[in-house]
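A short write-up of the structure that comes next.
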Amino acid sequence: MASSSVTTLAWGFLLGYLVLMIGLGYKGYRQTDSQDDYATARGGFGFLMLSLAYAATVASGSTFMGMPGMAYGMGFKVGYYAILYPVGAYIGMMIVARITKKVGDRFGSQSVPDFLGDRYQSPVLRVLAALVALFLLFYVMSQITAAGWLFDTILGVNYDVGIWLAGGLLLVYLTAGGTYADILTDGVQGAIMIAITALVAFMFVTGWGIEGGPVAVNAALPSQMQWDVHTSDQNATFASGWAIFLLLVAHIGFTALPHLGNKFFAIKSTQYMKKFMLASAVIGISLPLMFLGGIVGRAMGIQVQNPDAILPVLFMQTLPPVVAAFLSVAILSAIVSTADGLIIAISQIFANDLYRKTYVPMKDEQPDQSRIDQRALWISRISTVVVTVAAILAVRTPPEYLAVLLWVGIGGIIASYGGPYLVGTLREETSKTAAITAFVAGFLTFFVLHLGPRFGLYEGWFPYNQNPFAASGIGFMISCALTYVVSKFTEPLPEEHLNKVFSTRRSEESTGSDAHGTSGD
Amino acid sequence: MNVLEVLAVVVLGYFVFVAVWLTKIEDYLAEAEENRAETRSPNRGEPRGE
């Protein structure tokens, strides 16, 4: 429990934060007139705001609480996770961002599953991808749990009330402002997160509270946690160099998660894409330096019952109350900025992937586009409420297999989307058959290696049975390899469709920059 | 090498990748798209967009 001065200040910061988020939500509401606005905020943002929002969305509560906690318990080797995850995620981002934006604008794609359906002219792939992505609900649940715990620890609010406070905030601005509100709030939250990360990095470099800088910090750690120890036989995540390499591989596929991929639609134009990539790549790799806070806390001999609490406790014990209080807003920012993107992404599974792009075309009636869009907008708003409330209710008594179900979504997407999304972006020859085959094979690989053992069906193989990154990394590689190989032996998509997807000129025509369609001839 | 030194090398390699991607690969892909527009369009040789 925090001291009363920290709690009082934290409430002050929190109230300011709530007012700011709701104000930004209202601004998002003013900009949201259609289903496409709600789902994508298409072309609505410049590169800097979107970069901050993207980095904030990638970095979840895990970055701000889980990684410092892991570092507190395991030492420097956790740095491999902290650094390799953004390296992989932003390499993946660079591969898919431009094509996702371009194809999304041209076909009106409103989500990553929708993008896959449009890219491969495959309603089957769209529905498969949407069904796997539904499991991201458990990711939302994990974020709301973290928020409830944060309210309980720092603000002295009961966990059951804390989860409703966090969920209520999300409901207010997301239901009104959709993706506009999501990105506006995430951009501001990203700036808050950068400020705290810079402080933590400074504490490590100066050897905060320990004479002698980083060398002294290292020397103060137990020997198995020091920086010359790279792996641990006991821990599945860091069991070997191979397991660590798979951390990197899996996170290349992490970029396929729908709450990340849908951000690309929001950039003003593909001409800003390079600036967006550069800014995201720099901001994104800085935020996980938060793990150093766990190292400093351990080196200082701070005792905590729950390792995830090390950062708040470190701040409360060694920094002025006003800084410790501000940390609560930064952690809440990390949680909320991921949860809101996830909720929007899940709402689009119902409104766009299943209703607008699957149910409507299945009906024989001539569709009235504006009526369909109005309905889809309502479905978006209603499903935003339903998903948020369902997640809050579910975490009051977390399901037995919450951690496993969480990984059905994240690992399943990494393993299955990988080939169709990343390889299909680079290789226009990729066929529909290859994409569907790779999607199913990638998911099955992840199921066999990780989900089966975690559900207790059989023992499985170490470290894959305990390490979701290693299992999804293997699934990702199989998905990519199959996408490539099967495409060699199957019919490619029609030339006319590939022209629409990959040709620059068609892109310019569709966005109006080449209205007469004659430039470049 | 200790963990921090390995990570420093990884981050350096990452920024080299970012630099190469942004200065070379992105332009190469854009050029490939332009080539497709000029050589593979089904409407090649005809006015487009009308």
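Just so it is clear, glycine is given a Cβ too, placed from its N, Cα and C backbone atoms.
Per TrEMBL, the feature compositional bias 'Basic and acidic residues' maps to A:500-509. The region 'Disordered' annotation in TrEMBL covers A:500-521. Summarising the annotation, TrEMBL assigns transmembrane segment to A:6-26, A:47-66, A:78-97, A:127-151, A:163-183, A:190-210, A:236-257, A:278-302, A:322-355, A:376-395, A:401-423, A:435-457 (among others).
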Quiz item: Any chance the transmembrane segment (A:322-355) and the transmembrane segment (A:47-66) have 3 or more Cβ pairs under 8 A, given the pairs are 6 or more apart in sequence?
Solution: yes
Quiz item: Which sequence positions outside the transmembrane segment (A:435-457), separated from its termini by at least 6 residues, show Cβ-Cβ distances below 8 Å to it?
Solution: 116, 120, 122, 124-125, 128-129, 132, 401, 403-404, 407-408, 411-412, 414-420, 423-424, 464-468, 470-472, 474-476, 478-480, 482-483, 486
Practice problem: Please check if the transmembrane segment (A:6-26) comes into contact with the transmembrane segment (A:190-210), where contact means 3 or more CB pairs closer than 8 Å and the residues in each pair are separated by 6 or more positions. | Solution: no
Quiz item: Excluding the flanking five residues on each side, which residues at least 6 beyond the ends of the transmembrane segment (A:236-257) place their CB within less than 8 Å of a CB in that stretch?
Solution: 58, 74, 77-78, 80-81, 84-93, 95-96, 112, 136, 230, 345, 410-411, 413-415, 417-418, 421-422, 462-463, 465-467, 469-470, 472-474, 476-477, 479
Quiz item: Would the transmembrane segment (A:190-210) count as touching the transmembrane segment (A:163-183), i.e. at least 3 C-beta pairs under 8 angstroms with sequence separation of 6+?
Solution: no
Quiz prompt | Interface-richest range of A:47-66, A:127-151, A:278-302, A:376-395 toward the transmembrane segment (A:78-97), CB pairs under 8 Å | solution = A:278-302
Quiz item: Which stretch, A:127-151, A:190-210, A:278-302, A:376-395, A:401-423, tops the Cβ pairs under 8 Å count with the transmembrane segment (A:47-66)?
Solution: A:278-302
Quiz item: the transmembrane segment (A:278-302) and the transmembrane segment (A:127-151): do they have three or more Cβ pairs under 8 Å, with pairs 6 or more apart in sequence?
Solution: no
Self-check item: the transmembrane segment (A:190-210) touching the transmembrane segment (A:278-302) per 3+ Cβ pairs under 8 Å rule
Solution: yes
Self-check item: Long-range neighbours of the transmembrane segment (A:190-210), counting only residues six or more past its ends (CB under 8 A)
Solution: 51-53, 55-56, 59, 64, 216-217, 220, 283, 286-287, 289-290, 292-293, 295-296, 299-300, 311, 318, 323, 326-327, 329-330, 333-334, 337
